[in-house]
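For Tyr166, the entry in Swiss-Prot reads active site, proton donor, with the evidence type similarity to another entry. Per Swiss-Prot, active site, lowers pKa of active site Tyr is recorded for Lys170, and the stated evidence type is similarity to another entry. What Swiss-Prot records for Ile18, Asp66, Arg132, Tyr166, Lys170, Thr201 is NADP(+) binding site, and it gives similarity to another entry as the kind of evidence. Residues or ranges marked as N-linked glycosylation site by Swiss-Prot: Asn43. As annotated by Swiss-Prot, signal peptide applies to 1-20.
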Amino acid sequence: MPSMTSKVFAITGGASGIGAATCRLLAERDAAVICLADVSSTNFTSLQESIAKSNPSTLVHCTELDVRSADKVDQWLQSIVSTHGDLHGAANVAGIAQGAGLRATPTILEENDAEWSRILDVNLNGVFYSTRAQVRVMKDLPPGHRSIVNVASIAAFSHVPDVYAYGTSKSACAYLTTCIAADVFWSGIRVNCVSPGITNTPMLPQFEPKAKSLDAIKDMYRDQGYPTGEADGVARTIVWLLSEDSIPVYGANINVGACPP
């Protein structure tokens, strides 16, 4: 089991779902500092309390942040290094969903400009701004093991004639990650991607707005050959990539859960 003792981490989208599971697991692995950012502060207190129960020695700092703002992302990362003196790893989990089954064929004609821009702005631009800011601060730190993990999706592998903005944003996230990985590896920074399959998070119902219940969504995906996984399973892969146990892996896009071939 990799230890994160004395290490500092930054997590976007860290207040719920996969991001929160990653924060909790980092604390269980004895991380010194977890700086999480999320567009909503609703879950900050409850997450801090749950982490304090599992590991009171882990410092958790919460920031309300919209990853669509490059300037605010830069300021957040710079403040982490200024306050805590280091940044060993980061996971960029922030993202938004797009509902399926809402558009008539040909679905491309109902993919409107506003939704396209909104989803790409968070799921792609947000990852770009965050990764760039993380590399910017990491490259000036003393030599050491540093790792960045971006979260894409099963949609990066599939070719569904719907939810164009979401699928495109996640495919682009995976491509961007691979390119950055090749660019910064020689600077001592490993960059990888995780592509979760169907995962039981608060965002799951947003992908299937016509479904009557969460169980109905799970049954539908199971019938298609896609069992529903849990956020903790994705978090274990993210934390492994953030740890020294995953050296020398870089530029990978790891599927977690069921995925099309």
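Including glycine, each Cβ sits where the backbone N, Cα and C put it.
Here the features listed in Swiss-Prot are painted onto the structure.
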{"residue": "Ile18", "record": "NADP(+) binding site", "DSSP class": "helix"}
{"residue": "Asn43", "record": "N-linked glycosylation site", "DSSP class": "coil"}
{"residue": "Asp66", "record": "NADP(+) binding site", "DSSP class": "coil"}
{"residue": "Arg132", "record": "NADP(+) binding site", "DSSP class": "helix"}
{"residue": "Tyr166", "record": "active site, proton donor", "DSSP class": "helix"}
{"residue": "Thr201", "record": "NADP(+) binding site", "DSSP class": "coil"}
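In sequence order, Ala15, Ser16, Ala20 are the residues near the residue listed as 'N-linked glycosylation site', counting only same-chain partners six or more apart with C-beta under 8 A.
Between the alpha carbons (Cα) of Lys170 (active site, lowers pKa of active site Tyr) and Thr201 (NADP(+) binding site) lies a span of roughly 17 Å. Spacing of Asp66 (NADP(+) binding site) relative to Tyr166 (active site, proton donor) is 18 Å (Cα to Cα, whole number). For the pair formed by Arg132 (NADP(+) binding site) and Tyr166 (active site, proton donor), distance between Cα atoms is given as 21 Å, rounded to the nearest Å. Each of the recorded positions Arg132, Lys170 was ranked by the number of other C-beta atoms within 10 Å, and first place falls to Lys170.
Taking the C-alpha positions, the distance from the residue listed as 'active site, proton donor' to Thr201 (NADP(+) binding site) comes to 17 Å.
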